[in-house]
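Listed features, source TrEMBL:
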ACT_SITE  HIS303  active site, proton acceptor
BINDING   TYR31, TYR147, ARG182, HIS303, ARG306  glyoxylate binding site
BINDING   84-86, SER113, GLN145, THR173, LYS279, SER301, 335-339, 358-359  FMN binding site
DOMAIN    5-409  domain 'FMN hydroxy acid dehydrogenase'
Amino acid sequence: MSRKDQQLVPISLTDLEHNAHVTMSINALDYYRSGANEMQTLRDNQDAFSRIRLRPRILRDVSKVDTTTTLLGHPVSSPICIAPTAMQRLANDAGEKATARAAAKAKTCMILSSWSTTTAEDTIAAGREIPVDTETPGLPLYWFQLYVYKDRVATEQLIRRVEKVGYKALVITVDTPFLGRRLADVRNVFKLPPHMTMANFENKDSKVTMATILDQEEAAMEAAEALLEKNGAGKKKETRVIRQESSLAAYVVSQIDPTLSWKDIAWVRSITKLPIVVKGVLTAEDAIMAANIGVEGILVSNHGGRQLDGVLATIDALPEVLEAVRGRNVEVYLDGGVRKGTDVFKALALGAKAVFLGRPILWGLAHDGEEGVSLALSLLKQELDLAMALAGCCKISDITRDYVQYGHAARL
Ligand SMILES: Cc1cc2nc3c(=O)[nH]c(=O)nc-3n(C[C@H](O)[C@H](O)[C@H](O)COP(=O)(O)O)c2cc1C
Ligand SMILES: CCCCC(=O)C(=O)O
């Protein structure tokens, strides 16, 4: 039986992941599925949900369940949203356009990555081609994930572009001053195929172009080779090892600003009216800093276990973040390891306003483009609907801390 023959008719996100594993090229699959180093945090993001137990209430009329909610005041059909993931055309040629269209159909929020393989303009335009169905509540919502470049002019230029076309918030990723070490990418010498580009930097007016990116890679490789020659190591295999260190990671070193600090968040705040969400907060201390600087949202995230390995699972970090900003005017969201309706329910019960999906959207894209993303979103929404009904909750605001407990021991 060939790998492709092992595909399942997907009835859960796990099935979609299985299908991606048997159909995708190893280069793209490894880039998508990997975590950093030993991948302890990657595993824990999912495991930690299993350590939390549910406390359902019975004998309530649950014949009608309503999953609608709001994000920064904007109505969406459910608290299940799309996290930013780079280079979606690696999964399916329709890439970010397909995701945007599925988000529009689902009436949920999509965060577009700075590192998309479709421009911010083309992505939102694709989503807007979907007629808004007025029968069901909610509206599509697009936010833009910002990497702050060393070149502040280029960064500001990108902000102006996304403001102009209608992205409704900036999600600033703060956990990536350098790229985490994903061993499979190092081994595979991961590279974007030549026919794809980091589309947001292709624009003729852009200060950061594909040429800069490629130049940086070349420069890093030349430097690695020169070093090897100097050390008399000249063996091909070793050259390759050093070369391998230098593609995505070298780009990040050359372009993304590792000096990023709270004053830069204040700088972004000062140049835009868009609400700001800080993505990558894991501690009470940083949550307080974010609230003090006046951001509108905090996304509790460990980048899907791809940055610092060994940090807390996001569902375990969530309570301290929420506690720290209690009573402050800031929404708190979570991403990382959300795969089941009960995971969404647990995050909401602990106090998250919404959850964001990273890899499951990519598995959906790989399975069947726009239809696959729609399937991923609807499977999870149906599971949330059922979990709510079985736990005795008819609306999102019914889901409170009383519905969960840590561990399996009875509460005495
Ligand atoms: C392949 C891949 C690419 C990603 N690219 C970005 C990115 O460009 N910007 C960003 O802020 N986060 C990025 N992330 C992190 C996600 O936004 C999110 O935090 C994470 O995937 C959530 O975990 P999950 O995959 O378990 O749902 C990426 C994650 C993956 C798996
Ligand atoms: C600067 C890193 C961009 C891609 C990314 O976030 C990831 O691969 O996790």
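Just so it is clear, glycine is given a Cβ too, placed from its N, Cα and C backbone atoms.
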Do me a favour and check the Cα-Cα span between TYR147 (glyoxylate binding site) and the residue listed as 'active site, proton acceptor'; whole Å is fine.
-> 13
Quick one: give me the count of other CB atoms within 10 A of the CB of ARG339 (FMN binding site).
-> 20
Taking all protein chains shown into account, the Cβ-based neighbour count within 10 Å for ARG182 (glyoxylate binding site) is 25
For PRO84 (FMN binding site), what is the tally of other C-beta atoms lying within 10 angstroms of its C-beta?
-> 26
Do any residues at least six apart in sequence from ARG359 (FMN binding site), in the same chain, have a Cβ closer than 8 Å to its Cβ, and if so which, in order?
-> GLU17, TYR32, ARG33, THR85, GLY304
Show which residues of the chain containing ASP335 (FMN binding site), separated from it by at least 6 in sequence, have their CB under 8 Å from its CB.
-> ALA83, LEU299, VAL300, SER301, GLY304, THR314, VAL355, PHE356, LEU357, GLY358
How big is the Cα-to-Cα gap, in Å, between PRO84 (FMN binding site) and HIS303 (active site, proton acceptor)?
-> 10
Listed in sequence order, the binding-site residues from PRO84, TYR147, ARG182, ARG339 whose CB sits under 6 Å from ligand 1 are PRO84
